[in-house]
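Read through the structure below, which is laid out as structure tokens, and then see the notes.
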């Protein structure tokens, strides 16, 4: 081979290598250009097969990032470094879309670039240089079509977290960016592709813990996440919970359960639950009305069924939860809660964020299991709103209360009482307060079994504001109506209620300053709740009363409260009622139950002649001449007998000793003369009856003090009351006061006519229908007054008392107890020989005063009885018939007793704990409103 051929071959090889190097450089440049263009322009890369699938399903898969769908704003912010092309690829009909550019407000310009593989051409060029070198270059040219389109969008305000303030604009108007082939309608024509509307029903940041709701239950709502799922914007919702309307709007930060409610500048989240308090209610409906003050509602099965009516029909707006639940409430009868009041610009609740705005087109309330689940959510705002909403649901709805218990909601609420945030434990306590009120006693037991009482006490000791303290004490008041919880409250809550509420806010001071005026009573509603709770537990048993009496400062503060209220001319308040009823219960059996009670006991007076009006024979034995001569004389001619001074004390009385001191007696007298409330009158008369019971030193002093204060006429006036309980209490007090001889004379002169008027029969009181216990109490009082009191017996005959007594015996429609009590009075009257001739002249026969108790009616008594002329003893026995009223009837302990040491005492206690609603016409009661005090009295 000659040199020219070698040189030509070398030249060709060099040319080829140079061309290869240039081609490689060009290829790298093209790839770099492609990579750069792809990184800048590519948004969506859809293959024809995927595109056909998307068009067939009518949905579009959006990029998923960090557990949520990425919207336009997210794609603008995302990094492009993760988009790489790893070498040459088969770009089969790729579609590229540029990032939209906002040309002007409301418009976005998008550029679409499309490659046409069919139109790709290869261009080959051959170049020969002067030295004979041939250079061949092959270049592939692709056909690229660039299209620019403009679309109009509605700006969506963004929040600080990058998500829209109102998600409805995104969920309803979001247009996924696609290639132009896919941005056509079904007929091939141009048209935007609209993504599926969101289907979330609760806030986008509402996530449950991995274990469902943080706990599992053996029964009730399931704890698995499949049942309720995540409550974020991309939550997985079961079909039965999915909204039925296509125009359903995704919740926004303005919705009811938004995680971070907006509060004015300088405000705090605590302001969300600030309400202007009204008088405390048995149940509170702590909610605010949103959406133009229309109330919310749910179907009876907590369903979310689509309501009928046009979208403009206001009836489609959800009404209050209690509306037509279980068909328990008639249609169109709603129980409105007072609207929350704004305080210093704060928001009463999250509902008010949307006040004045139209409701969402397809909003649904969360179901009861969902609300209970929200109590375990990690955000405090969700917990507090769920608790407040649960309190609203339970208002006047026993079915919901029972369902909350069955769904294990009560343990969660009790656990929230220890939560550090006020809005959380306040809402939980409010829900427990409503749950604890009602006919279902199992709710109270459930709270007790969850250690609810100790939890309430812990919260009470930490509470420093009136609103929270009021709810806590109201809940304890509700719980105290159940017998099995009373001692638990005494053991755990007594000292906390006394030290944290009664003493600090009563105005009483442990070291009083004589020069200082009485302090004003603070937090009256809280004191009312606390006194009502202690009033209930004081009827439990002697052990409870002993602990209450010995609680340091309790009796002192109670007496101070009543004195202060009387001084303010407010003797008819509920606070006075609860305090006086509590003092009455603490005075029950006080002569027996106080420490060292034996030092106050007095011996029974000796009776010189046991044969008298109370002899075993109806007509008695012959009396001595001295006895008959002394019968008509006044036994208290000596003026010294009309005045009895209380023992002198070296130190002021404190604690339980105040229960039988002159100052407390004057309180009862003032209430008898000034108060118009039947319950207060009854309690005052009952307290006097208790203090005058038994043979003890202070009982004798108090009987005399009441006569000196001219209280006998005030008590006798109560016999004309229209309220049976007041009449019965006054009758019992007069009976005990009649033990004093001087009192007996005055009562016989002034009270016998009123006592006779209250007996059944005759025309004067034909409309009255007193119970058996009241009639027996009146008869026993009459017998006590006329015994050894001839003038009183004559007064009885003059007021047609004989006719009524005989009618009770012979009518055949009275109970055995009434017949026996009337027979005792008739026997006492016939025992006076001075009255026999006048009675015979009036047509009465001896047989009218002889009563065969064997023939008495036994319809209301099946037990054996004592066939004697002595009063029947029905010691500590309650009436079989419960009066149709809210208050607990005063028991008839000792209404017919043999010994003065055991009778004449009364204890005010609740007999039927199932009655929780007050009825009109009851003593001092009213229909419980959303702000009315709890009417649970003992």
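Note that Cβ sites are derived from N, Cα and C of the backbone, with glycine treated the same way.
The phosphoserine feature in Swiss-Prot is assigned to 47 (among others).
Residues or ranges marked as phosphotyrosine by Swiss-Prot on the basis of similarity to another entry: 112 (among others).
What Swiss-Prot lists as phosphoserine is 125 (among others), and the listing cites similarity to another entry.
Swiss-Prot lists 269 (among others) with the feature phosphoserine.
The feature phosphoserine is assigned by Swiss-Prot to 300 (among others), with a large-scale study or a structure entry given as support.
Per Swiss-Prot, the feature phosphoserine maps to 352 (among others); the stated evidence is a large-scale study or a structure entry.
Within the same chain, no residue at least 6 positions away from residue 847 (phosphoserine) has a Cβ under 8 Å from its Cβ. Swiss-Prot lists 847 (among others) with the feature phosphoserine.
Taken from Swiss-Prot, the feature phosphoserine applies to 857 (among others), supported by a large-scale study or a structure entry.
According to Swiss-Prot, the feature phosphoserine maps to 861 (among others), an assignment based on similarity to another entry.
Summarising the annotation, Swiss-Prot assigns phosphoserine to 868 (among others) and lists a large-scale study or a structure entry as the type of evidence.
What Swiss-Prot lists as phosphoserine is 879 (among others).
Summarising the annotation, Swiss-Prot assigns phosphotyrosine to 904 (among others).
Taken from Swiss-Prot, the feature repeat 'ARM 1' covers 358-395. The average pLDDT the prediction assigns to the repeat 'ARM 1' (358-395) is 88.
For 441-475, the entry in Swiss-Prot reads repeat 'ARM 3'.
Per Swiss-Prot, the feature repeat 'ARM 5' maps to 534-573.
The repeat 'ARM 9' feature in Swiss-Prot is assigned to 740-780. Remark: secondary structure over the repeat 'ARM 9' (740-780) totals 25 helix, 0 strand, 16 coil, with classes taken from DSSP.
Sequence-distant contacts of the repeat 'ARM 5' (534-573), counting only residues of its own chain at least 6 positions beyond either end whose CB sits under 8 Å from a CB of the stretch, comprise 477, 480-481, 483, 486-487, 489-490, 494-495, 497-499, 502-503, 506-508, 510, 518, 520-521, 524, 527-528, 579-583, 585-586, 588-590, 593-594, 654-656, 658-659, 663-664, 667, 670-671, 674-677, 680, 888, 907-910, 936-938.
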